[in-house]
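Following: one structure in structure tokens, then a few remarks.
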Amino acid sequence: LRAAAYFSSLAGVRHVILVLSGKGGVGKSTITAELALALRHAGKKVGILDVDLCGPSIPRMLSATRRDVHQCDSGWVPVYADAEKSLALMSVGFLLDDPDEAVVWRGPKKTAMIGQFVSDVAWGELDVLLVDTPPGTSDEHLAILENLKKLKVADGAVLVTTPQAVSTGDVRREATFCKKTGLRILGIVENMSGFVCPHCSECSNIFSKGGGEELAKLTGCPFLGCVPLDPQLSASLEQGKDFLKSFPDSATFSAISGITKTLLNSLQTKE
């Protein structure tokens with residue numbers, strides 16, 4: 001029965017991509033949300049599985065807070081962020097009675113919750129399922145990989161870093177984790193790569209620049225591109241708005257679109 005549940009939950013999902021980083025605060029959820037929106041704008045049906053159990057930010061970023069998760073014969077029905085049902089979400093944030101409630105769980109309970117997320121969500125037909133993960137290389141990461149491998153190995157991972165050496169050092173350990181677990185690295189994204197002035201649109205390298213590209217060279221991984229610190233992007237995420245729809249002429253839009261196109265080409269090459 002459990003094997004049948006795994007089959008039914010992910011049978012219609014063409015690609016599974018994990019968004020990883022060995023360090024917190026680099027913007028994994030931001031990159032996950034914007035990749036999902038960019039893929040949706042490219043005509044793809046997308047899902048986000050938020051396994052950052054202690055900090056579930058995806059519902060707020062996509063204006064889907066205080067939504068109820070319902071049951072069907074196949075399991076939990078994901079929450080849809082759009083009327084067309086082209087962007088499906090599942091997060092522990094939907095299961096909490098109080099959004100300010102702390103998730104104080106030990107490892108085994110986290111592992112069990114991730115197992116349920118993989119086996120019991122009725123995703124239906126999806127082109128891409130993005131998995132937003134917490135920082136680190138331990139329980140949650142191992143749990144999601146072990147559960148995915150019961151049906152299919154994930155297509156790969158996108159690693160997110162910021163330019164500083166203190167960040168790229170942690171993300172380099174994440175690359176080692178991927179190699180040890182046999183998870184293909186689809187590429188590295190350098191987030192917060194410069195600051196875009198909201199007045200003149202000039203980009204200043206507050207956190208330095210080039211660390212992500214250098215990390216890609218050191219690890220032999222593809223470099224997907226840079227995403228700057230953009231106040232318009234931050235405001236859109238805070239308000240749960242679609243940045244890509246609101247600011248199509250921005251440099252940040254071009255950066256995210258370019259990363260998404262490269263990622264899609266990588267997935268098509270794998271097929």
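Just so you know, glycine gets a Cβ as well, placed from its N, Cα and C.
According to TrEMBL, the ATP binding site annotation covers GLY22, LYS23, GLY24, GLY25, VAL26, GLY27, LYS28, SER29.
When other Cβ atoms within 10 Å of the Cβ of CYS200 ([4Fe-4S] cluster binding site) are tallied across all protein chains shown, the result is 7. Annotation comment: TrEMBL describes CYS197, CYS200 as [4Fe-4S] cluster binding site.
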Alpha-carbon spacing, GLY24 (ATP binding site) to CYS197 ([4Fe-4S] cluster binding site), which is rounded to whole Å: 25
Neighbouring C-beta atoms (10 Å sphere around the C-beta of GLY27 (ATP binding site)): 23
